[in-house]
Amino acid sequence: MRGEIMKEKCGIFGAYSQDATKKTYYGLMALQHRGQEGAGISVWDGDIRTVKGHGLVSEVFKGGSIRRLNGNPVIGHVRYSTSGSLSEVQPLEVECCGYKVSIAHNGTLTNFLPLRRFYESRGFKFRSSIDTEVIAVSFLNHYSELKDEFEAMSRVFEEVKGAYSVLMLFNGKLIAVRDPVGFRPLSFGAGDGYYFSSEDSALRMFCTNIRDVSPGEVIVVKDGEAESKIVGRSEHAYCVFEYIYFARPDSIINGISVYWARYRMGVELARESPAEGDVVIAVPDSGRTAALGFAHESGIPYMEGLIKNRYIGRTFIMPSGREIKVRLKLSPVKEVIKGRRIVLVDDSIVRGTTMKNIVKMLRDAGAREVHVRIASPPIRYPCYMGIDIPTRHELIAAWKSIEEIKKEIGADSLAYLSVEGLKRAIGTDKLCMACLTGNYPEWAFDFKV
C-alpha cells in the first residue's frame, strides 16, 4: 500500500528511431509510477549528452530543455530515491579503459561492494556511490579486452550478481540487457524503430510488435538493425511484487497480464479466507483489482468506499501525524460505509501503521465491522534485489502473528493470501518470493570476485 510504501528503484526506457528523444520523454511519463524523485535522458549525437535532475519527468524537462536534446539512440530513467547528489541521478555517464558509456539501470547488485573494491584495487576510480557504475565499469573493462558487446556482457553476467535490467548508449549503439534470473522486467518493441521499456504498457503508443527481453538476453541495436543473443543462463525468478503492486495493471510481464494476476489474487483470497460482509471496498489504487476479484468470487457487492485525493503532489509539505496523513490522502464515503460490515482489500501490509489508521477511519465513518483481506502473503524478510522494503524489525509480520496484527490494526478479522494461492493467481512458480519466504535465489549471491 502506498501509505507506508515499498518503493521500486526505477524505470528505464530507450529508443532507436526518429524523434527518439521525444518518444523517450513520453515513455518516461508512462513509467512515472516507478519513480517520482529523479529523471534523466541521455542522447547520442556523435557524443553522449545528458540532462537530468531531481523531480518528476515534467519538472526536470520543463522550459524547453527536451528540445535541446536531439540525437539517436536515446535512453531515459526515472528514479525514486531522494538521497544522493545529482551525479547519482541516472542515466550515468561512465568513462574507463578509453571508452565512454551512458547507462540506465533498474535493480540492485548483491555483490556491489566486493566488486567495487576489486576494481578499485586495480586502479579504477569511481565517481558515484551507486551500484550502476559498477555494471558500466565491468562492461567497459571486458569490452576493452574482447572488443565484442556480447562477449563482454557474458563476462559481466559471470561477475555481476543481483537484479539488473540495463540500457546503455555505447559508440552510437543502444544495448539492452536483462540479468540471467530475470528479476526486473524489460520489454522490447519494434515498429518504425526499436524500443525498450521496463513495462510494455509504455511501448504501445509506438509499436505493437512487443515481447519480453528474455533473462540473460543481450540486444544490440546499431545501424538500424537489432541483434540478439542469450549469453547468460540461470533458473528464472521474476520479482513477485511486480505482479502484486509495482507494475501498471495494463502491463504484461513475462507473458502474464498484471491485471488478471491481481484479479485472480482476489479470487483466490475469497476462496481461502471468505468474510461475512455487506460490501467489499479497496484501498485505492493498490487494492482495487484484487478487491474486484474478491467481490466477484464471494458474491458480495463491490463499492467505492474510499476516495483518493489525487492532487497532493510530491512536493506537498505533509504534516507529521500518521493519522492526518492518511486522512489527507483518503476520504471515506460515509453513505457506503455507515451501518455495514466492510470487507477491506489491499495488496499488502508493511509496517501496519497505515492500515491501522484506515480501519479507524472506517469505524469513525460508521462501519459495523471491518474485515481486512490482504491479496499477498505476509512480508517477513528484506529484499536485496532492488525493492526498498524496510529492515526486518520494521516489518510487522516479521515479529507479530496474524492474530497480533489483527489486534494492532483494530480489525474484526484479518487474513492473507497463501504462497500457494499467490502462485496459482500469477500462473507460474518461476518467482522470486524471498521477501515472503526468506528463500533467496542462489545465482544472486554466487559471488565470483
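Count begins at 1; order follows the chain as displayed.
Note that Cβ sites are derived from N, Cα and C of the backbone, with glycine treated the same way.
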Candidate from C97, C383 that Swiss-Prot assigns to the same [4Fe-4S] cluster site as C239, C432, C435: C383
Checking Swiss-Prot, the member of S286, S298, S401 that binds Mg(2+) with D346, D347 is S286
Counting across all protein chains shown, how many other Cβ atoms sit within 10 Å of the Cβ of C10 (active site, nucleophile)? 27
In the same chain, outside C239, C383, C432, C435, whose C-beta lies within 8 angstroms of the Cβ mean position for the [4Fe-4S] cluster site? F183, V240, F241, M385, G386, I387, I389, M433, A434
I'd like to confirm something. Which of the recorded positions, C10, S286, D346, D347, has a Cα closest to the Cα of C435 ([4Fe-4S] cluster binding site)? D347
Radius 10 Å, atoms counted are CB only; among the binding-site residues C239, C383, which position scores highest? C239
Compare the C-alpha of C383 ([4Fe-4S] cluster binding site) with the C-alpha of each of the recorded positions C10, S286, D346, D347, and give the closest one. C10
